[in-house]
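Worksheet for the structure shown next.
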Amino acid sequence: MSSAEGAELKKKETEEVPNVVHQSEADAVSGHGVTHAPDPDFDEKKAGFAAYKGDAIEAENVEHNMGVIQAVRAYPMAAFWALVMSSTIIMESYCVFLMGAFVAYNQFMDEYGVVDKDGNKAIEASWQSALQVGGPLGALVGVLIAGPITSRIGYRWATIGGLMFLNVFIFVFYFANSLAVMFVAQLLEGVPWGIFIANAPAYCSEIVPMKLRAPATQMLQMFWAIGSILVGGVTYALQGRTDASCYRIPIALQWMFPTPLAVLIFLAPESPWWLVRKGRLEDAAKSVRRLGRASRLEHLSESVAMMRRTIDLEKSIKEPSLLELFRGTDTYRTLIVCGVYAAQNLTGNLIANQAVYFFRQAGMDSQTAFALGLITSALQTIFVMLSWILTTYLGRRTIYVWGSLINVCFLIALGVAASVGPSKSSSLAQASLGLIVSVGFTLGPAPASWVIIGETSAIRLRPLTTGVGRASYYIINIPCIFLGSYMLNPTGVNLGGRCGYVWASTGFVCFLLAWIYLPEMKGRSYREIDILFNRKVPARKWKQTVVHVGDDE
């Protein structure tokens, strides 16, 4: 249906509905309303729905016909606020990569390590795993509380609260004088990380128009890479120091994030979709106004009507609960989000998170390993930006599924390179393939996964779904960290690059499941996504299935 047809339908329906209302009012005035039984065919909810359906169709047509550049011009502030919310992930990324760098620090190993079988100091595999698992354990708590908190108070205030708590928890980390206290500090810092990572993809996907959902949510992966660049630069500059400042300074630098971000998020508009869910339609219109240009003010009512139409399709106004995530078609949607999140740990991502340590175990000296880690992070940022183009024009399913398969091939090659015996050529091949795996992950599966996570869940259940999905990430991440450290550490099985075989096998399983169950949501409005899930259309047929603009089920 064209924009003109949508406008005509809006006019026709708006004319029809008042006739019903006027007739009812005339009956009441004449006294007939008391004696006549109500019309059994009159449904007040449907009549009200019809009154704004034309507006909703008009707004959806506008979004479908809008190009990427046009969307940026029409909603520049939406893109800006998505960038601000995405940047909260820097703090988790910074600390995750920082712990990976600390265990490769000579000074850190001298102070907290034990002598290994070769007579060198190293952090014990158990403590190395504990330090890296503390943050995810705390974040697991954070994501589970994020959904209920956000559903009640909104994305802004939930995120601001997390930022304030993070300021306090950094003190514990900075003044820690043992590995045990550092573990507790990571546990505490992880709680606000969980709130950030649960809220950011949902908020970003809700405030931007359809054509910007991919780049807006993929900025999360870009900021993850930026966090690793910051760690790489700081640790490379300080790794030559021979006192505690080499790791105290990077810890203290965490304080440069929370307060400025809290101020910016305080100034940001709340998600209009969250406001519509709460019945605050006037506030939702104000939020839409702040996200777009003044020249688009005439579309405010249509945009809010589109949100109302989609939310009304979900047929509930009560507060969402965790149990609803596993009822009916929402079970499938929840499992997609959980599966995509969990797969991030099973397709070689841990090699990227432990890049510096991996390069050390591949035979590189300390300075070369830190330099390669910095190069890896810089390339990841560039490749995430390239993925914006691929995901926007080729689709989410295409990039995710076939990117996963390509990554599996490189992981097998990494295992082969490590199996030929110790040599300089083998070390260089492992380092090169480790870099390719880390960078390739950020071109395909990683950024596409954020888009899928932001689009899949029902609007009403989105804060809960992203929270539970991220919880599945940490549930898989925690044992994988222990496994990854045990495979790489000299005090463990010391597999080195042969760990590629392990991650290739788990990655191939993830590829198969994605190929079977992951639908293509490129170019679909949230209404269309709801309808396709409710119709139980098989994942591989989504691209060919037509949903008419007037369909509501």
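From the backbone N, Cα and C atoms, a Cβ is placed for every residue, glycine too.
The annotation region 'Disordered' is assigned in TrEMBL to 1-39. The feature transmembrane segment is assigned by TrEMBL to 80-105, 125-145, 157-176, 219-238, 250-268, 369-390, 399-421, 433-459, 471-488, 500-518. As annotated by TrEMBL, domain 'Major facilitator superfamily (MFS) profile' applies to 81-522.
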Revision key, fill the gap. If one takes Cβ-Cβ under 8 Å and requires six or more residues beyond its ends, the residues near the transmembrane segment (125-145) are 92, 95-96, 99-100, 102-103, 112, 162, 179, 182-198, 466-468, 470-471, 474-475, 477-478, 481-482, 485-486, 489, 491-492
Review point. Among 219-238, 399-421, 471-488, 500-518, which stretch has the highest count of C-beta pairs below 8 Å with the transmembrane segment (369-390)?
Key: 219-238
**Study point:** seg_contact(the transmembrane segment (219-238), the transmembrane segment (471-488)) with at least 3 CB pairs under 8 angstroms, min sep 6
**Key:** no
Study note, to complete from the structure: When pLDDT is averaged across the domain 'Major facilitator superfamily (MFS) profile' (81-522), the result is 84
Check your understanding: So, does the transmembrane segment (250-268) come close enough to the transmembrane segment (80-105) to give 3+ Cβ pairs below 8 Å, pairs being at least 6 apart in sequence?
Key -> yes
Point to revise | Contact call for the transmembrane segment (500-518) against the transmembrane segment (399-421), three or more Cβ pairs under 8 Å | key: yes
